[in-house]
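Chemist: This is the structure I have questions about; it appears just below.
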Amino acid sequence: METLSRRHIQDHNAGDETQPHWGYPDRIVPCKNDPGSCTYLDVVYAAHDVGMLYMGVLWATLGGILLVWFLARRISQPAVHPAPAPPKQTPSAPGKVRRTVAAYTRRYLLPDANHFVFGRTTRLQVLILALLSGYLLLWSFVGIAYGTWVTPVKKMPGVYNTRTSLGPWSDRVGVIAYALTPLSVLLSSRESLLSVLTGVPYQSFNFLHRWVGYIILAQSALHTIGWCVIQIRLYQPQPSVGLEWIVQTYIVWGVVAMILILLLFILSTPWAIRKTGYEFFRKAHYVLAMVYIGACWAHWNKLECFLVPAFIIWGIDRGARLFRTALLHYHPAAVTGAGFRPLHAEVTRFPDTEHGDVVRLDFDNEQDCWAVGQHYYLCFTEGSIWQSHPFTPLNAPTLQKGLVRHSYILRAKSGETKKVADLVARKSQLAGDAAVATTPVILTGPYGENLLEKVDMNTNIVCVAGGTGITYVLPVLLQLARERPVPDRKIELIWAMRHSSNVDWVRGEMDTLRRAQKALNLTIRLFATRDVGSGGGGDNETDEKCGGGGSKNTDVTEVDSSASEDACPCEDPKVSVDKIGDGASDDSRHPALTQLLGDFVADTVAGRTVVFASGPGGMITDLRTIVAGLNDPTKVWRRQERFDVNLVCDDRLEW
């Protein structure tokens, strides 16, 4: 208390009473210092009180936005859905306005912002960040009386302190940094309350989480620099004042907190993640973040009203993950006995020495069905129980005899997935090719959004996938294949893969689509970007055989034209692959997505279009630009629905 009294020019033995202030030391009244010091104290306490009020307004604003968003979702998506409307029903006036606004937003805000500054994120995300930053900038400066007061130092004639509004301003940005801490934790949660309220998947908040962290870092640095200038330069005599100040306990903890948040920033850069690995970043981020919040508490525990919620949110997130994992793996009625048990997945390996093996996992579990488009975190216990990675089931969920089938494919480039591929290879060598290799798996989830909520009876669908991104879009098509066909609806699958043999990853599922191709009005277009056509003379040579590559000794089925909209005989399923690896330029060695999507939209008979996509970051960037150009709000207002095109993409690991 003595150090705080010296800092705030207060003598607790000279005052008649104390005046409480939330988040700050009590004030001694009346003030018996010199007039300049008393005026300065008036400014300090008034600025702090107003700042705390502003933080209440900040959180009330965020809460109000979330409440309105939640209510709007509930109104637009009632719990009991009405019967599907006729495909050509004219949209209502509110629906017309909503779709026009959505088309306008996508046209101008869907493309990527500057990659160097923001990474692969949309202009809409950057706009939201700009609005939040402007809001915080406003609260950083308003409500502070700016001035300078030169005051005498007691018992030191001719020595003066320079007191300025830098002090209350430095406190203000520090308070904002504390107030944003629970928001940063909330934005990073996998068990996200924000997702429950808004329907936006948790991974979509990663961009804001990262940039709120940058804002907290900047505010913490400004707070630190401001008080260093005050205590080391403006307060006298020096260096005694500065040396006495820097060794105080709360200042030492402030320095520790500043060092920790700098480490958090450095270790979260793409460069550091590439050097140390994603798992090290994730674990270090968890630990350092909690230690940082603890250091903030030790630095200034009077603002614990912001720190306690951060700890609670973090604890609930971790507890919910463990609980959901237990629900998936604890089966009291199991034949093998009750208890927590990992699932044993059958593993099929597709060797690829150039780009990394692809591994397919298949297993059953006693659980409820997940929503199409959701994903699970998989932990491979034979590698490490401390690591888990997100994967989307490639199959549409079906409950049969109390069990739900899971199927996944993953590319084993390095790290944990490489361990799994190597382990499967060793097991296969020891047991022989005829044996089925298995590996124990622990699930957590499901997470993400229901993709089928994005479509209705009037919606045309394009699924675009790159490589193993087929797992994101394939369940949508498989689920639609089970449902009653919709007249005039167009559906198309565009899958870019490295080699034609990659079709074997999902051979059974592709056969299912071929059988339903005519009923669905489904066009399947497959592109092998590293294979050269047998004719060797063009960019779009088509080879009618795709197969091989699997680690098991299986016969390869011949396939035919992907562009054909007629179903082939079920006993001879065929799918073609356009081999474009001999293109003259990089662009010609990739599907012409601009032309493909443009032609698709132009050929639609009725309704809007939704594009589901998953693949490399460059492909997602291109699709955002293409889809933005296909939206025309003026024509949507005139009820020309083909110009209402939405993009739903899987961007869990994009920067």
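Placement of Cβ uses the backbone N, Cα and C atoms for every residue, glycine included.
Bear in mind that TrEMBL entries carry predicted annotations, made automatically and left uncurated.
These came from TrEMBL, pasted as-is:
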- 1-19: compositional bias 'Basic and acidic residues' (COMPBIAS)
- 552-564: compositional bias 'Polar residues' (COMPBIAS)
- 340-453: domain 'FAD-binding FR-type' (DOMAIN)
- 1-21: region 'Disordered' (REGION)
- 533-570: region 'Disordered' (REGION)
- 52-72: transmembrane segment (TRANSMEM)
- 126-149: transmembrane segment (TRANSMEM)
- 208-230: transmembrane segment (TRANSMEM)
- 250-272: transmembrane segment (TRANSMEM)
- 284-300: transmembrane segment (TRANSMEM)
Chemist: When you scan the chain for residues with a C-beta under 8 Å from the transmembrane segment (284-300), skipping those not six or more beyond its ends, what do you find?
Modeler: 174, 178, 181, 185, 249-251, 253-254, 256-257, 260-261, 263-264, 267-268, 276, 307, 310-311, 314
Chemist: With DSSP as the reference, give the number of residues of the domain 'FAD-binding FR-type' (340-453) in helix, strand and coil.
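Modeler: Residue counts for the domain 'FAD-binding FR-type' (340-453) by secondary structure: 20 helix, 50 strand, 44 coil.
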Chemist: Mean pLDDT across the domain 'FAD-binding FR-type' (340-453), rounded to an integer, is what?
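Modeler: Summing pLDDT over the domain 'FAD-binding FR-type' (340-453) and dividing by its length gives 88.
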